[in-house]
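Colleague: Quick one: structure below, then a few questions.
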Amino acid sequence: MTKFVFVTGGVVSSIGKGIVAASLGRLLKSRNYSVSILKLDPYINVDPGTMSPFQHGEVFVTDDGAETDLDLGHYERFTDTAMSRLNSVTTGSIYQSVLNKERRGDYEGGTVQVIPHITNEIKDRIKRVAKQATPDVLIIEIGGTVGDIESLPFLEAIRQFRKDVGRDNILYTHVTLMPWIPAAGEMKTKPTQHSVKELRSIGIQPDILVCRCDRPLSEGIKEKVSEFCDVPVEAVITSQDASSIYAVPLILEQEGLAQQVLKFMHLEQRRPDLTQWQALVHQLDHPSQTIEIALVGKYVQLSDAYLSVVESLQHAAVAQGIAVQIRWVNSEEIEAHGPDRYLADAAGIIVPGGFGIRGVDGKIAAIQYARDNQVPFLGLCLGMQCAVIEWARHIAGLEDANSAEFNPETRNPVINLLPEQQDVVDLGGTMRLGLYPCRLLPDTLASRLYPQETIVYERHRHRYEFNNAFRPLFLESGYVVSGTSPDGRLVEMIELPSHPFFIATQFHPEFRSRPNDPHPLFAGLVGACLADNGNNANHHDSTPAEPLVSEPLSS
């Protein structure tokens, strides 16, 4: 039978529940236990697909086309296990399902209430993942902070779940903050005590406490927390701040988190194999050199908006023994001041995805800069569409070329709506979403980057596509369409053979990169930057860059 581990958070938001859940998944998988992870989000949106990146960060897309929280990206990268739409649940999706049942008459005229109807729906979603994925352990992260009104139905549901599946099959882990007060010169346990008190008032007694802190917990502090929170002292786990999120599983392993989970759930204690993970973290901490790659976007004020792109660059860099420092470039600044001041000396340039016309001209200018100056370039989704517009305007002779998204009246819509999107009105969940095949053209850069493949599978999230009416003109002017849908109808990849490394994709390769298995396109970009003789590269051999992920861990 599947065992269930619930991960809650207290004191503050963004405390790192998602990283703790993903790290526990990694530790259990290293012991040959199968794992799946479910995120319960308390917001009323049905999914994050229509939310602003500034509000929510990146929207992570699964193989089956679900638009989900960025934590699912952490789950996939840490456990190397594909998630599905079942692994992401929001308050909005719960209420939508319950109201649909009410409209159909499923409740036979009964009064629909939070308890039992909403809580039962939440429990059913948890059981659905366990039934479909059949993992040895299902980890469930509850978004938000204990004490928030939005989380109450989820907390009540997981309280009831203990009775449904039996006490031996369930474990509650609470992630909390243990702040150091410099003026007092000591660590304070009171926030943790109050957070546990709040959780107990709901009827949940945590079995394990994971304490976020900036220094190790002393034995005295652990004893105090154990006494006041009624948790075994060995189940008070230190989660000290780390230079990289990938170091967190090793910290939690050293603290004995996995051993405590297995002990509580009466599962066999197995020896972990973390050899590859340890090598990954060692390489992260000891790069031979650092290169700087410019990421040109319009959401750069919030790096989480491009989280999977940043992580994919890091995976590719580690595999080649180096580090990558991101130069965050706001495309609107390029529009105002030109590309030279922002892109000079960058080893490479990435233009990632996005929506809307704001900042697009800056992205196009950055792409022209990369093309003219032979700087290695990778375009993703909107980045490919901007590359198409740039070529059309400056090489193919279509000076007014544009995307129908930005100018529906343009005479030369080199980017146009997909045929199946013509009559779509709703924005949420209606794009081309999920995993689709892409056929590679032989003897191209794309085919060299995927050397063993003729058909590759990548994840999509877009409504607009290359307009085939202009394909002959592009081919005649030197463009190469190196990847298409298997029927040849949809353009998925373009490249410039006259350039050292210029390739762009309609899909999102960043969603399939893994720490120990970097995506070929990102590996190719980093390799091209290293191969550059230094004309564009900015190397710092003696002083490594700051870690790519130095922000507080996302919840």
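Every residue gets a Cβ built from N, Cα and C, even glycine.
Annotation comment: Swiss-Prot describes 1-267 as region 'Amidoligase domain', evidence class sequence analysis. Swiss-Prot lists Ser13, Lys188, Thr189, Lys190, Pro191, Thr192, Gln193, Lys224 with the feature UTP binding site, giving sequence analysis as the kind of evidence. The feature CTP binding site is assigned by Swiss-Prot to Ser13, Asp148, Ile149, Glu150, Lys188, Thr189, Lys190, Pro191, Thr192, Gln193, Lys224, with sequence analysis given as support. Here Swiss-Prot flags Ser14, Ile15, Gly16, Lys17, Gly18, Ile19, Asp71, Ala242 as ATP binding site, drawing on sequence analysis. Look at Swiss-Prot and you will find 299-535 tagged as domain 'Glutamine amidotransferase type-1', backed by sequence analysis. Feature annotation from Swiss-Prot assigns L-glutamine binding site to Gly354, Leu382, Gly383, Met384, Gln385, Glu405, Arg463. The active site feature in Swiss-Prot is assigned to His508, Glu510; the stated evidence is sequence analysis. Residues or ranges marked as region 'Disordered' by Swiss-Prot: 536-555.
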Colleague: Could you check which of the binding-site residues Asp71, Gly354, Leu382, Glu405, Arg463 is the closest Cα neighbour of Ser13 (UTP binding site)?
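Modeller: Comparing Cα positions, the candidate nearest Ser13 (UTP binding site) turns out to be Asp71.
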Colleague: Ranked by the number of other Cβ atoms within 10 Å of their own Cβ, which of the recorded positions Lys188, Lys224, Arg463, His508 ranks first?
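Modeller: By the 10 Å Cβ neighbour count, His508 comes out on top.
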Colleague: What mean pLDDT score does the domain 'Glutamine amidotransferase type-1' (299-535) have in the model?
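Modeller: Across the residues of the domain 'Glutamine amidotransferase type-1' (299-535) the model's pLDDT averages 93 on the 0 to 100 scale.
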Colleague: In the structure shown, with every protein chain counted, which of the binding-site residues Ser14, Thr189, Gln193 has the densest set of Cβ atoms within 10 angstroms of its Cβ?
Modeller: Thr189
Colleague: Can you figure out which of Ser14, Ile15, Gly16, Ile149, Gly383 (the binding-site residues) comes closest in space to Thr192 (UTP binding site), comparing Cα atoms?
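Modeller: In terms of Cα distance, Thr192 (UTP binding site) lies closest to Ile15.
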Colleague: Setting Gly354, Leu382, Gly383, Met384, Gln385, Glu405, Arg463 aside, what same-chain residues sit with their Cβ within 8 Å of the center of the Cβ atoms that define the L-glutamine site, listed in sequence order?
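Modeller: Other same-chain residues with Cβ inside the cutoff are Gly353, Phe355, Cys381, Cys386, Ser403, Ile415, His462, Tyr464.
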Colleague: Under a criterion of Cβ-Cβ distance under 8 Å and sequence separation of at least 6, what residues of the same chain contact Glu405 (L-glutamine binding site)?
Modeller: Phe355, Gly356, Ile357, Ile415, Leu417, Arg463, Tyr464
Colleague: Which ones in the same chain are close to Pro191 (UTP binding site), with CB under 8 Å and 6+ residues apart in sequence?
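Modeller: Result: Gly10, Val11, Thr176, Leu177, Met178, Pro179.
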Colleague: With Gln385 (L-glutamine binding site) as the reference Cα, tell me which of the recorded positions Gly18, Asp71, Gln193, Lys224, His508 is the closest one.
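Modeller: That would be His508, nearest by Cα distance.
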Colleague: Provide, as an integer number of angstrom, the distance between the C-alpha atoms of Gly354 (L-glutamine binding site) and Gly18 (ATP binding site).
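Modeller: Spelling it out, the Cα of Gly354 (L-glutamine binding site) and the Cα of Gly18 (ATP binding site) are 24 Å apart.
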